[in-house]
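Before anything else, here's the structure in question.
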There are 2 protein chains.
Amino acid sequence: MKEGLKIVLSGPSGSGKGTIVKELIKNEQFLLSISVTTRQPRQGEEEGVHYFFKTKEAFEKMIAQDELLEYACFCDNYYGTPKAFIEESVKKGKDVILEIEVQGAQQIKEIYPDAIFIFVIPPSLAELESRLVGRGTEERNIIDQRLKRAKEELALYTTYDYIVVNDRLVEAIEDINRIVGAEKLRSCHYAAEIEEIIHN
Amino acid sequence: MKEGLKIVLSGPSGSGKGTIVKELIKNEQFLLSISVTTRQPRQGEEEGVHYFFKTKEAFEKMIAQDELLEYACFCDNYYGTPKAFIEESVKKGKDVILEIEVQGAQQIKEIYPDAIFIFVIPPSLAELESRLVGRGTEERNIIDQRLKRAKEELALYTTYDYIVVNDRLVEAIEDINRIVGAEKLRSCHYAAEIEEIIHN
């Protein structure tokens, strides 16, 4: 069986990566890597489905025991990615999606150079602002902080392999499926097939 | 306007790359780079459509004047790719397809490192043989020569970016469209969009 892909999906807060992930994982080919966080659950968020919610102390213990692929502190909360689940899942042939904050994505590149890095961006800053306001869960000063951060993060686009502009959700999903489909055709995945053809 | 892609389509003789190209260029997004050759036209092949047919002397003059991107000698015939046409076409936003023999593809990589290298392979050597025989245009000893060459060429698969197994034509075309679609989402093509978002 061919090993699955590791797909890092990242982008500024409000770029809509969460919505994209929710849509993608309706397809059984994909499996979501569940993150650990110290932030408070938003309405409707469930433990073990959206995040593992931990105290700051518990999170820092995971860091100390090297159980995390990456972690980042963002708006005073920790976010991190447990390693074991990812590696077991790709061995089973699943394409694992890692939804990661921009800071964290940079760290993953060093550990998983074969991962595919997709940067989800909003069509404009005005649209980003309206999404953050519409969410209705953040204070105005937090929104301003996120907009400022978004500009800084957008400048990091060259560190990603692909850009997906999340204007219409259905098109963003198509783009990602196209990227994943093409990545599976990379020559590095064809050693077994070529051997088979040459020697039979 | 975004610059088009340079797509190198290569593969062993009989892999069906010619049929794939014929199908692809029905889509106006693609433009075929027409090669120069010293071999005799096969039935139905037209000057300036399938190839520019030249004498050995005329071909060697083009080499001397550095008008060719690459050239190769294959089964005692020269095949080459004129440069100017490709560069003008990508500037107009067209995706230019270069149908190149395997030897020639290696040379292009050095000149166009940003080109996309797709290796079209047959599903098996038995299938390859049956295609070469079915073509009915080659002597048996030429077919054996091509099969031997095909094995050697298949071993070069790692020098390509992508593999397309040409089993069913319609699927091979889908694979190539998927690759081209994904390549257009590469972050290196997004400098203008990101600038626009950050500064507006």
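Along the chain as shown, the residues are counted starting at 1.
Just so it is clear, glycine is given a Cβ too, placed from its N, Cα and C backbone atoms.
Okay, these came from TrEMBL:
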type: BINDING; residues: A:Gly11, A:Pro12, A:Ser13, A:Gly14, A:Ser15, A:Gly16, A:Lys17, A:Gly18; note: ATP binding site
type: DOMAIN; residues: A:4-181; note: domain 'Guanylate kinase-like'
Specify all same-chain residues, apart from the site residues A:Gly11, A:Pro12, A:Ser13, A:Gly14, A:Ser15, A:Gly16, A:Lys17, A:Gly18, whose Cβ lies within 8 angstroms of the center of the Cβ atoms of the ATP site, ordered by sequence.
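These residues sit around the ATP site: A:Val120, A:Pro122, A:Leu128, A:Asn166.
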By a 10 A CB contact count over all chains shown, which of the binding-site residues listed here is most packed: A:Gly11, A:Pro12, A:Gly14, A:Gly16, A:Gly18?
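Max Cβ neighbours within 10 Å, all protein chains included: A:Gly11.
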Where's the emptiest Cβ shell within 10 Å among the binding-site residues A:Ser13, A:Ser15?
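Each of the binding-site residues A:Ser13, A:Ser15 was scored by Cβ atoms within 10 Å; lowest is A:Ser13.
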Translate the DSSP assignment of A:Ser15 (ATP binding site) into the three-state scheme.
coil
